[in-house]
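Here the structure comes first, spelled out in structure tokens, and everything after it is commentary.
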Amino acid sequence: METVWDLFRRRGYSRREFLSFVSVTASLLALPANLLMSFGRALELREKPVVIWLEFQDCAGCSESFIRSTSVMPSDVLLDFISLEYHETLMVPSGIYAEQAKEDAIKKYRGRYILIVEGALTPAEDGVYCTVGGKANHHLLREAIDGAKWIVAVGSCACWGGIPAAYPNPTGAVPISDLVEGKTVVHLPGCPPIGDVLVATLVHLIAFERLPELDSMGRPKVFYGQTIHDRCYRRSFYSAGKFASGLDDDGARKGYCLYKVGCKGPITRNACATIRWNGGLSFPIQSGHPCFGCSEPNFWDRGFIYKPLSAMPDGFGPKGMLGALAVGTLVGAGVAYMNKKQAKKGGK
Ligand code: SF4
Ligand code: SF4
């Protein structure tokens, strides 16, 4: 079978371009410099990964995000980079031919394929709300789990139930991990997740043949280990107690912190503030909109997109978070007050 390096050569890319792909991916994965050589060597030798991508109750936004991943590699190579044996949105065959192709791939690549699942399961009324080829979604997932080498849940719907699970959840939507036993599910939440996060996670699985380091919720720590707030470029305004009070007021125009207009960055774990979107161009906060926490469980039902965390009635996030945030805001305001006093003193 074709290796990753063979693929680059076949597509007319030079050795230099392959090495640039290796180093960009290694930096996304925050690999230490001493692993760079072995990482590149592994990618040179490893076979292209076989991927079976199932879609359940979703909007296909995660697939869109994946094929628009631009900072890791050109999108034409991206779709060649994996042997995508089944993806109902992207594959050419349809109907019984598509389903047959999937069943063949599950048999042929047993124990070797990466199973990517997008969308929530809908087990209510025996899965009648989401069927493909006459089979309910949870039966389809069960058929694919056993032979999978790795399982990746892509997007907040597959990871947590997402928007389909929002109140009153008429289809009984649940995360895919509800059906997986004895295997780890890698969670890449986001609505949608950043495409480069999925590509880099796949590259990690291929190169090292092991899972990346995960947190207690199954998310790769390298992408979800910190909150948006931890890495936000507006953080100095937060610490200085300078906040926008509306989306178009003077504070917003000056680029102040968006906490008071509902930013959920302090309790949202994602890589938007570092990897950013659209080839690293920008991310919502940089475009003037508060983060609404799309990668966190139940983000939709928590509502209050434009209300600050301190106004959430049931506490947003882990217990004690609001208290900690209130203290954080007070500290920020306190620091600002002290700074002003110092500045006045200095001016005297
Ligand atoms: S509250 Fe939001 S805008 Fe303000 S510093 Fe934190 S992440 Fe950035
Ligand atoms: S900034 Fe927040 S709401 Fe926007 S994409 Fe990132 S995690 Fe989701």
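Just so you know, glycine gets a Cβ as well, placed from its N, Cα and C.
Given the structure is predicted, the values throughout are model-derived calculations rather than measurements.
Going by what TrEMBL states, the [4Fe-4S] cluster 1 site holds Cys59, Cys62, Cys157, and the candidate of Cys191, Cys232 recorded there is Cys191.
The binding-site residues recorded for this entry are Cys62, Cys272, Cys291, and the Cα of Cys291 lies nearest to that of Cys263 ([4Fe-4S] cluster 2 binding site).
With a cut-off of 6 Å between Cβ and the nearest atom of ligand 2, the binding-site residues Cys59, Cys157, His229, Cys232, Cys263, Cys291 reduce to Cys291.
According to DSSP, the secondary structure content of the domain 'Cytochrome-c3 hydrogenase C-terminal' (224-302) in residues is 28 helix, 6 strand, 45 coil.
His229, Cys232, Cys257, Cys263 are the binding-site residues among Cys62, His229, Cys232, Cys257, Cys263, Cys272 whose C-beta comes within less than 6 Å of an atom of ligand 1, given in sequence order. Across all of the domain 'Cytochrome-c3 hydrogenase C-terminal' (224-302), the predicted model scores a mean pLDDT of 95. Working note on the binding-site residues Cys157, Cys257, Cys272, Cys291, Cys294: by count of other C-beta atoms within 10 Å of each C-beta, Cys157 ranks first.
Counting residue by residue with DSSP, the domain 'NADH:ubiquinone oxidoreductase-like 20kDa subunit' (59-205) contains 63 helix, 29 strand, 55 coil.
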